[in-house]
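> Here's the feature list from Swiss-Prot:
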type: BINDING; residues: SER20, ARG62, HIS63, SER95, ALA96, THR195; note: phosphate binding site
type: BINDING; residues: MET194, ASP218, TYR219, ASP220; note: substrate binding site
type: SITE; residues: SER175; note: site 'Important for substrate specificity'
type: SITE; residues: ALA229; note: site 'Important for substrate specificity'
Amino acid sequence: MPDFPPKPSVKADIAIIGGSGLYDPGVLENAKEYKIYTPYGEPSDYIIVGELGGKRVAFLPRHGRGHRIPPHKINYRANIWALKMLGVKWVIAVSAVGSLREDYKPGDIVVPDQFIDMTKSRVYTFFDEGIVAHVSMADPFCEHLRQEIISTARELGYRVHPRGTYICIEGPRFSTRAESRVWREVFKADIIGMTLVPEVNLACEAQLCYATIALVTDYDVWAERPVTAEEVARVMKENTEKAKKILYKLIPRLPPEPDKARCSCCSSLETALL
């Protein structure tokens, strides 16, 4: 078993995991940086802890500031473990994704309810030595948190899709045209990205309420239409501002503790351990 470092003295109720384009939350007051050590190594970056709407909030840029860590090299276990050490109950992940559907347009927000894992070489569990756990992933996202995100995005007037299947590929390369057509036509996935897995299953093992704000930047290559870097950069900038506004409005309304009547995230291990 790995050595367990002492728990940090700082605490947080809610965590934001920032994806491509969101390297600084920009909404936290009295923010300070903390270096957190975990038995699985170091997280992607220093964790920023501050306040928003009376809540203690932790922010972690998934790729590190400056986008220096590719998807397949992210230390997902260290990231999730560090948030657990801080006492986090809620995890709001933000991700840039490509669209596999005509009606999921660049600039739209998707709050996925399912995923398909097409990654190949990542570490998927905390339970790989001495203890075996089989967590249920039938409904992989916290439904309570999903509904809060959806209602907040709608209140702000954004185009939001309340359901969607996220297919997670290994990266860092993008799909071929043939692969993209398979994801769309055979697997019936709606959006595509590179970072959801194993983040989502590790959050489940850590008994955290986890949901994703997926921000559509462009159509994947199935669409066979030209996409310029300029256009993607413009949409990503707009999406980042949308994400910040959602977080600013959403976080103050989350209760300190998840409602066990509305979600089972915090008891995911009760039926998982053998």
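From the backbone N, Cα and C atoms, a Cβ is placed for every residue, glycine too.
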> Should any of the recorded positions ARG62, ALA96, ALA229 have a Cα within 10 Å of the Cα of ASP220 (substrate binding site), which are they?
none
> Determine which residues of the same chain, besides SER20, ARG62, HIS63, SER95, ALA96, THR195, have their CB within 8 A of the center of the CB atoms at the recorded phosphate site, and list them by sequence.
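Once SER20, ARG62, HIS63, SER95, ALA96, THR195 are set aside, the remaining close residues are GLY18, GLY19, GLY21, LEU22, PRO71, VAL94, GLY193, MET194.
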> Looking only at ALA96, MET194, ALA229, the recorded positions on record, which one has the least crowded Cβ, with the fewest other Cβ atoms within 10 Å?
ALA229
> Is SER20 (phosphate binding site) helix, strand or coil when read with DSSP?
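For SER20 (phosphate binding site) - judged by DSSP and reduced to three states - the answer is coil.
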> Filter the recorded positions SER175, MET194, TYR219, ALA229 down to those whose C-alpha lies within 10 angstroms of the C-alpha of ALA96 (phosphate binding site); answer none if the list is empty.
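Candidates kept after distance check: MET194.
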> Which one is it, among the recorded positions SER175, ASP218, TYR219, ALA229, that lies nearest to THR195 (phosphate binding site) by Cα separation?
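Going through SER175, ASP218, TYR219, ALA229 one by one, the Cα closest to that of THR195 (phosphate binding site) is SER175.
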> Just to confirm: which same-chain residues, 6+ apart in sequence, have a Cβ under 8 Å from the Cβ of ARG62 (phosphate binding site)?
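Result: ILE17, GLY18, GLY19, SER44, ILE69, ILE74, ASN79, ALA93, THR195, GLU199.
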> Please report how many Å separate the Cα atom of HIS63 (phosphate binding site) from that of SER175 (site 'Important for substrate specificity'), as a whole number.
20
> Which residues does ASP218 (substrate binding site) neighbour through Cβ under 8 Å, counting only same-chain ones at least six apart?
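For ASP218 (substrate binding site), the qualifying residues are GLY98, SER99, PRO106, VAL227, GLU231, VAL232, VAL235.
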> ALA229 (site 'Important for substrate specificity') to SER20 (phosphate binding site): how many Å between their Cα atoms?
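Cα to Cα, ALA229 (site 'Important for substrate specificity') and SER20 (phosphate binding site) are separated by 14 Å.
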> Just report the maximum Cα pair distance in Å for the recorded phosphate binders SER20, ARG62, HIS63, SER95, ALA96, THR195, no decimals.
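Roughly 12 Å, rounded to the nearest whole number.
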